[in-house]
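Note sheet for the following structure.
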């Protein structure tokens, strides 16, 4: 158990051993272990405990005198005090644990591996799927089913190594080397690849199978991706992790909750995030802690899992070098004090971080080229004949062995050194170091035989930690009940953190209930309310059933987090599932009572206590059952794209087979079974029986009736189905039996069946939650458009997780390639730049009088501590800010910047944002066509793109598809593309780059700097922020702008050869000397007191302002302004642009050129997204076929006409699913546009919004054809046109209405999402408006039956005209023939039935089936479909009017979408002041945090969206 998670803030005491001495003792112990065979686990743990006790006795705060859980406030053991020492705490905790006899024994877990081979199946490249070629995948599927497998890809080959308990292993290698796969293999996470059966892994006597099954949480893999619940605070997030792994017995007498809180506080203090305790974690869309802090939250959570074997995959990504060193220092302390084992893959490891590790593994394309002590690794390769350049770190030197572009060979060794991965591996296999390693592995395996004594002790320790109720073989610590309780607590915290969805859902349901109730207000207790009561109960049961539909989206959002916690063995996914169900119960209960209470009593449903409670109870049970239904769909599928189409068809089926839209007697025989598995059908029958059974309803309308029919008794009959001649009322039981086939005896039986459905679906949900995981990434393999690249099947290994190796093939670029970058002449300068933002009514200064310039042919680094405002300054200079107040002077050749400045500069953002479906060449071409000056011919722009591809060495993957992160281009290729997109625009002024090397390995970082160096040599002006680079990278910059906290300048000037000028400035002004081997970039942070643990008494900002260098900067700025202001030509080369007004426009391309290019790209995107198009097609075809064949050839009976009407009504349920498909797609498009393309002035917002609306129209046209054919003809609506010989015309008219319906749905989706941030909120808004449109369209209740207040809603509802048009086209001008149960029977007063009914028929219509009979007349009250149409206000004469009005709504949606987008999302310019007001810079804000703050303008936009 890792009792001491370690810390960033470890403050050693004067009598406490230093980290270095402790590390040396550890190495000494290792050497003894290697020389005297492998020490036993007990011996090693004994040594660790003895060392810890020795150090503890020397500590000022001895653990014998103080319990960490009862530490004195302000002491070194108090994590909430300012003097906290993580090392002192760890030793005190260990002593407390050792002194407690009831505490569980400590566990350690080393690992040996030999003959380790890992492989996968697939290709190094793949073809891009499109709407046209996806069918070719069927061929490959058939081959796979026939037993043919894809090509075997070797990922790791013949790996051997030994990492003992208490040791640290660093894994080095470029992307694609297999580092991620190796770490995953050690922890048993082998999804997507296979471990060879002959591979040997030994975890100190524990086998890999036992590790995965019984001890999963004892070996954890921490990926570089940060996934957390965004609306939970950091403190609660870490408390949960600590509580989930809390042992049964807590040493020191603390309770479990006290233990969890204490561990949380300790880990937060250790990693420097105590100040974020009450701040939500956030994510890319929800503002929370900064990116660096979120990374430390992820690290802290993993540490709290207390795993004895920890594998960290690039977990320092996003941290600067100082924090990366502290992270390694923390791991060092864990291993030495607690015996944990740490394996870390790290990029750009600083030398200080590398020195903390015991051993190093170097991988080269899956081959092991070295494994052994870190202190001997460098000499191993030097002995081969390689040279380590000055100031290159050991880690970078070892990694450079895997690149022929970077490794340097000693003179005379050119023909002796290895060159290929196989040659390096062969040299390793023949080495003395490998022979020693094999000997150590052999002794280790013999000492720790699998299934031996150590396994039993490991089990005993694990069992002592577990809850008593937990199974011995379970990997979890808490019992299942405890897991549920803990997850229930977190669910409550999540609900408190973000109650908006719950509140909005409850309010939405209450509003809908009020609206529906007002529509059916105070129904009469007579037969005139029969249809209305049925409609009301149908609507009520459907709303209750589908109120949980959005739970699918919630489950998919939390799925990655739950699966991560399951891998950490914190809890069963099913425990979280049960907790979420329990947490939803109060809301569902309250919602069921409030909504149904309003609906039940306002509408005058049966006002009896028993019936009311039965109605609420049935609705509540059905809500729970359908919640299980939606959760089951989400858990059984692996992605939302898979789930939505199936959910849509199932929702349609469940709705249709309730028994209301299609009565049981009208259900086709082949589909009647669907009603038996429809829980909604059972619920509807029960509440219909509950409402009608045992009641008598007075008759309102009799047949015959009128002035000539003053009759009674058996001579007239109530016109309602279920009536009896001569009876003045209709029994409710007769009505529901005749109309729906319902029986009162099935009322409670149906509730029991619904309960059974709930139990079955709940079981499916829980089992699937535990065993079905979400869809995994396929890996970063290149994807080409079919026909644009031949698959190369001869290449080497691929790292499933890490991607292909860097594709650079040439060390140098030809001078001809460099020459395509036109020489720049403009100089950009800035003076006294200040930037203020408003934070909680307080004006805060972020940048404080910053000066500088960037000249052509120079590479300037912008550096500073975290929170200094580096990215903020870059955004201000590049005119990317939309908030705050900017003051100062920013000039281009002595002149103010104009509207064209943004498009004339290139800005390569840190995030590599690109359209995933485009190829590299297309992305570059798009930028060139829209951002290069308009006067340049199109052919020249395209030719320029080809030259940029050559310059950036992207020829090999120029036609590859970008893909999404994790699939497609790897990190280096994406970074090259990001820079290429800016270069393709031919920036006339300069190039901004924000952290171009962040998260990259040293080789890739060097390659990026190579590229920047090429651009600089050809006259490109470059300003680049960079996170504390290595010494070799830092030397490549010409100038440095160095900021301290508060955005204040510390230094601006030349760097000098070997940083001599920079070093001289700081030493001359009181800084300590820079050691020869030190990294100047890290040294200068220590000098100004910005590095962890460093301090200075010198005010370096004040020193700069008083220095001669500052005076020179001011003088030179004035000189530049005076000289350059004489120049009037802002162009780089072409004099023809001197007086071209177009060169000063905001956008380079005219609007219609923008619109054409954007429209073309969006069309290509949809064509290359077959999942989107085919899911849309599947949704339309499946739903229409389902409806069509469920109502196959519906006859023109009274109920048949109702069925035909509901066939149209049911089709409208496509609406919600249709817009839910469009909205997420639009959100992804908008994110790219607003993050990269809008700030760079690539094209206007009008082109963006219009293109996204129009691109849906042709696909909707195709979908309308499919939907029409699969729906119109099966139902038999075409037969109604045969009487008037207008089959073709009526068919065409129906297709037009189907077409305009889909057009309306598409534009409505854009109308909803245009101003809102998330598809979920827009979906809620859309569903509410859709519900209102359906309620007021005239189907469920006619205009005559509506309260007069709602008549305006009937007239403004688009569906009113859609229903009127479709009903008239589908049903008009046809005869009606009643079914046997629909005829009304009565006796005539005298004469025949025909004579008796003649006057009534002339007045009301209908026909007599037996006109010549003199008794028992059979009368059908309707003989013409036009009579039915009049009841719903649908007339064929208004067909074209209704069609035209629908297009009015479509056009309105489109214009409303544009207007709302402009109103709520188009940014307004920040305030710019010539002179800055004197504001004290209080504290510092992380640049990430600053960018994430809400400005006054953004706040207004957010308020507009919220108000909307």
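Even glycines carry a Cβ here, placed using N, Cα and C.
DSSP gives residue 870 (ATP binding site) a helix state. If you draw a 10 Å sphere around the CB of residue 870 (ATP binding site), it holds 25 other CB atoms from the protein chains shown. The annotation ATP binding site is assigned in Swiss-Prot to 864, 865, 866, 867, 868, 869, 870, 871 on the grounds of sequence analysis.
What Swiss-Prot records for 11-24 (among others) is compositional bias 'Polar residues'.
The compositional bias 'Polar residues' annotation in Swiss-Prot covers 55-68 (among others).
Taken from Swiss-Prot, the feature domain 'ABC transporter 1' applies to 136-390.
The domain 'ABC transporter 2' annotation in Swiss-Prot covers 828-1070. Each residue in the domain 'ABC transporter 2' (828-1070) has a pLDDT score, and their mean in this model is 86.
Taken from Swiss-Prot, the feature N-linked glycosylation site applies to 24 (among others), supported by sequence analysis.
Feature annotation from Swiss-Prot assigns N-linked glycosylation site to 35 (among others).
Residues annotated as N-linked glycosylation site in Swiss-Prot: 83 (among others). In the shown protein chains, 14 other C-beta atoms lie within 10 A of the C-beta of residue 83 (N-linked glycosylation site).
Other Cβ atoms within 10 Å of the Cβ of residue 231 (N-linked glycosylation site) number 20 in total over all chains. The N-linked glycosylation site feature in Swiss-Prot is assigned to 231 (among others).
In this structure, residue 314 (N-linked glycosylation site) belongs to neither helix nor strand by DSSP; it is coil. The N-linked glycosylation site annotation in Swiss-Prot covers 314 (among others).
The N-linked glycosylation site feature in Swiss-Prot is assigned to 1390 (among others). Around residue 1390 (N-linked glycosylation site), the same-chain residues six or more apart in sequence whose CB sits under 8 Å from its CB are 1396, listed in sequence order.
Look at Swiss-Prot and you will find 1-35 (among others) tagged as region 'Disordered'.
Marked as region 'Disordered' by Swiss-Prot: 54-82 (among others).
The transmembrane segment annotation in Swiss-Prot covers 501-521 (among others), and the record cites sequence analysis as its basis.
Under the heading transmembrane segment, Swiss-Prot lists 536-556 (among others).
Under the heading transmembrane segment, Swiss-Prot lists 610-630 (among others), citing sequence analysis as support.
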Binding-site residues (864, 869), the one with most neighbouring Cβ atoms at 10 Å: 869
Surrounding residues of the transmembrane segment (1322-1342) on its own chain - C-beta under 8 Å, 6+ positions past either end: 504-505, 508, 511-512, 515-516, 519-520, 532, 535-536, 538-539, 550, 1205-1206, 1209, 1212, 1215-1216, 1219-1220, 1223, 1308-1309, 1312-1313, 1316, 1350, 1353-1354, 1357-1360, 1362-1364, 1431-1433
Long-range environment of the transmembrane segment (1172-1192) - Cβ separation under 8 angstroms, sequence gap at least 6: 131, 134, 641, 644-645, 648-649, 652-653, 656-657, 662, 666-668, 671, 1166, 1203-1204, 1207, 1210-1211, 1213-1214, 1217-1218, 1221, 1225, 1259, 1262-1263, 1266-1268, 1270-1276
Folded-back contacts onto the transmembrane segment (1296-1316), same chain, C-beta under 8 angstroms, at least six residues removed: 1211-1212, 1214-1215, 1218-1219, 1222-1223, 1226-1227, 1249, 1252-1253, 1256-1257, 1260-1261, 1263-1264, 1267-1268, 1271-1272, 1322-1323, 1325-1326, 1329, 1358, 1362, 1365-1366, 1369, 1442-1443, 1446-1447, 1449-1450, 1453-1454, 1456-1458, 1460-1461, 1463-1465, 1504-1505, 1508
Outside the transmembrane segment (1206-1226), six or more residues from its ends: residues with CB under 8 Å to it: 640, 644-645, 647-648, 651-652, 655-656, 660-662, 1169, 1172, 1175-1176, 1179-1180, 1183-1184, 1187-1188, 1191, 1194, 1252, 1256, 1267, 1271, 1275, 1277, 1301-1302, 1305-1306, 1308-1310, 1312-1313, 1319, 1322-1323, 1326-1327, 1330, 1334, 1339, 1359, 1363, 1366-1367, 1370
Residue 870 (ATP binding site) and residue 83 (N-linked glycosylation site), Cα-Cα, nearest whole angstrom: 31
DSSP-derived class (H/G/I helix, E/B strand, else coil) of residue 83 (N-linked glycosylation site): coil
Binding-site residues compared (865, 868) - highest count of Cβ atoms within 10 Å: 868
Residue 871 (ATP binding site), number of other Cβ atoms within 10 Å: 21
Intrachain neighbours beyond the transmembrane segment (610-630), with Cβ under 8 angstroms and 6 or more residues off its ends: 540-541, 544-549, 551-552, 581, 584, 588-589, 591-593, 596-597, 600-601, 647, 650, 679-680, 683, 686-687, 690-691, 747, 751, 754-755, 757-758, 761-762, 764-765
Long-range environment of the transmembrane segment (643-663) - Cβ separation under 8 angstroms, sequence gap at least 6: 534-535, 538, 541-542, 545-546, 549, 552, 556, 629-630, 633-634, 637, 671, 674-675, 678-681, 684-685, 739-742, 1175, 1178-1179, 1182-1183, 1186-1187, 1190-1191, 1199, 1203, 1206, 1209-1210, 1213-1214, 1217, 1220-1221
Cβ neighbour count within 10 Å of residue 314 (N-linked glycosylation site): 22
Rounded Cα separation (Å) that holds between residue 868 (ATP binding site) and residue 314 (N-linked glycosylation site): 25
Same-chain residues at least 6 beyond the ends of the transmembrane segment (501-521) whose Cβ lies under 8 Å from its Cβ atoms: 495, 532, 535-536, 539-540, 543, 547, 550, 554, 587, 590-591, 594-596, 598-599, 602-604, 1320-1321, 1324, 1328, 1331-1332, 1335-1336, 1340-1341, 1346-1347, 1349-1350
